[in-house]
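Peer 1: The structure under discussion is supplied below as structure tokens; questions concerning it will follow.
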């Protein structure tokens, strides 16, 4: 059995997919798509090493200790070149994680022809009439190239060292005069590029798990600036001490959302040692944090918030706070509840030295079946 490693390309921006979630993080059952696709291929062969390119290494490492991860580049070729630095096996298989349902039959066809050329690649024939600039092309000469592809590692590295932009391995190797061998591709190996493609693939649907997160934050009164809660001005001068604008509710809610998704906390994302967050709009930071959560495949179910303050009274502001949260997070207002309570004059809150907020949220996997 030939020594071979596997590279899975999962660092793309999913621009053409055109949803809030990056396609590599769509959930298939409980697995993100990148993991589902990698598990599928790794079940067919005892790869020497499996390398996954990523734009979110810390989060992806939570799913497995069996793979190596490397930060992707700005292009496919750059990502592949970086991943190849970790590969020393004679052969390397490269695939896009967006080709989720590669079959064992296709995999075996690639392996069986390993000694035929420098790069073995699956390809589909074109059945439909094909036009270019309104001129009919000879469809018999057209091939739709797919992945996974198997290449001789040294030759692929050399091909990419040309620093030219190639969209797949076979064209890079062919540009150097290398020999390409085509095997029959398959419809199931078509790339998931547009959200409409989901309807063409028989994929497991997301599981119905719910993820709960809590966030707690405290700030001291003392700044002669507006007191903001959920971006709503509560008092013109009773501001809270903070590196940002001091919106303690926004901070608590941000932590709750990050926690439910497993993305750390607000201090990691927006450190108070970074001057670019000085006096920052905390509701805008909340929105950015939720955008990151949505990118990795989650969406909010509901929010419940308890504001603890002896003063000022908040009854007349709760509706405005709920509305502003709904607008910021693109969430139905009926899914948001803001409560206010005192501590009956006990403790630092009762002494009017500061205020605290406890936020709880529930997340679920993004339901891509609605697309």
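We count from 1, first residue shown onward.
Glycine is treated like the rest: Cβ placed from N, Cα and C.
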Peer 1: For the divalent metal cation site, Swiss-Prot lists 217, 219; sort out which one of 251, 327 goes with them.
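Peer 2: The candidate from 251, 327 that Swiss-Prot ties to divalent metal cation along with 217, 219 is 251.
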Peer 1: How many Å separate the Cα atoms of residue 270 (4-CDP-2-C-methyl-D-erythritol 2-phosphate binding site) and residue 23 (site 'Transition state stabilizer')?
Peer 2: 26
Peer 1: Starting from residue 243 (site 'Transition state stabilizer'), work out which of the recorded positions listed here (139, 191, 251, 274, 341) have their Cα within 10 Å, and give them in sequence order.
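Peer 2: Neighbours among recorded positions, in sequence order: 274.
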Peer 1: Here the binding-site residues are 217, 274; which one has the lowest number of other Cβ atoms no more than 10 Å from its Cβ?
Peer 2: 274
Peer 1: Rounded to an integer, what is the Cα-Cα distance in Å between residue 217 (divalent metal cation binding site) and residue 312 (4-CDP-2-C-methyl-D-erythritol 2-phosphate binding site)?
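Peer 2: So the Cα of residue 312 (4-CDP-2-C-methyl-D-erythritol 2-phosphate binding site) lies 17 Å away from that of residue 217 (divalent metal cation binding site).
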Peer 1: Return the residues near residue 23 (site 'Transition state stabilizer') by Cβ distance under 8 Å, restricted to its own chain and a separation of at least 6 in sequence.
Peer 2: 12, 14, 17, 33, 98, 192
